[in-house]
Amino acid sequence: MGALIPSSTLFNIFDFNPKKVRIAFIAVGLRGQTHVENMARRDDVEIVAFADPDPYMVGRAQEILKKNGKKPAKVFGNGNDDYKNMLKDKNIDAVFVSSPWEWHHEHGVAAMKAGKIVGMEVSGAITLEECWDYVKVSEQTGVPLMALENVCYRRDVMAILNMVRKGMFGELVHGTGGYQHDLRPVLFNSGINGKNGDGVEFGEKAFSEAKWRTNHYKNRNGELYPTHGVGPLHTMMDINRGNRLLRLSSFASKARGLHKYIVDKGGESHPNAKVEWKQGDIVTTQIQCHNGETIVLTHDTSLQRPYNLGFKVQGTEGLWEDFGWGEAAQGFIYFEKIMNHSHRWDSSEKWIKEYDHPMWKKHEQKAVGAGHGGMDYFLDNTFVECIKRNEAFPLDVYDLATWYSITPLSEKSIAENGAVQEIPDFTNGKWKNAKNTFAINDDY
């Protein structure tokens, strides 16, 4: 597929049974459990082990296996470092990493060094050096990593990709995207009954993501979650495959949303009402590409708002904007020549349905119930099928490093009043001749 390490050398270090992929999980929280569910529904996967110090989450993951008629996974739950013992197991081919962001680097690098293929959940890096580490370790060990960005597989996004590849948008000029999602109920809870949004605690007093994710809003100020927005544009603009991201500039608004949420739900006397939040409510990042396109990302998760990732794809002959969560009718579209220069929007519905990506047409029924409207099926299916077929991942370690780098670079830019930051070429020039093979057929 699309990685830049030759596919013929990807898996030659493994004693590998292509009929059944033996998979383990580092972290089986709410996101990890989605992958557990998808893997448990497959006959070509054996779930070997879970590494997670949280017995409640491990119990939930084991229930998923039981529900799907699978045997219990071996558990490595003796503290934060027990995952290292799991990685010693020679009967594991691949590992899903779905841990808190600050653990991604340690877990991903350790898994590759242990010879385990990595499916890495997405976020942003803590430091730029981490991004280089992913690339260097993958190249040195020959162990591949797939970036698990599910929005690349969203149905409307893939239909637009299909139209882009058919030339309907002409030459692409500009794109926007982001993470525009009211996360306040995710960032705070009571920590008592496992329900998001039922309180205003975070950190050690909280449950699930609020235990760790909210601290990033307290201590950082940047584009914390770039991959949902940049990933789909990346596939349409051939980033790292004939094109690349060159530089960025970021700005952050004031921070008001989280404080107001705490006061409204917990009162002005609540201790967390005194917390000073560094993360701006709205962070915008403008990116310049080698081939002349521009990209604007928006991080907007601390204020009241409906869900919308804010996609815009604009070319010399077409324009699409979305305003919802991925339904076919939740967008506007315009093609100058086809619409006879009418200067009037058309609903995206008929266009999304007519140009539905062949992969969605073929696998729609398999995707039912797979999470996030079915796109998680396609994401996880690609991971497994590439391993089984000894093919390189279409979203690879170079893509992960590129996307992850946006976060620390945006933090630096904001701290320097929007100063332009150069985005490294993590491919070391290989992007010039690499080919885009993301979703090029109806298979995976």
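Each residue, glycine too, has its Cβ placed from N, Cα and C.
Record note: Swiss-Prot gives Y179, R213, Y225, P226, T227, H228 as substrate-binding, and the candidate from Y83, Y134, Y307 in that site is Y307. Among Y179, R213, Y225, P226, T227, H228, Y307, the residues given in the record as binding substrate, the maximal Cα to Cα distance rounds to 19 Å. Taking Y225 (substrate binding site) as the reference point, none of the binding-site residues L30, W103, E121, S208 has a C-alpha atom within 10 Å of its C-alpha. Looking only at Cα atoms, Y179 (substrate binding site) sits nearest to E121 among the binding-site residues L30, N80, W103, E121, S208. Between L30 (NAD(+) binding site) and P226 (substrate binding site), the C-alpha separation comes to 20 Å.
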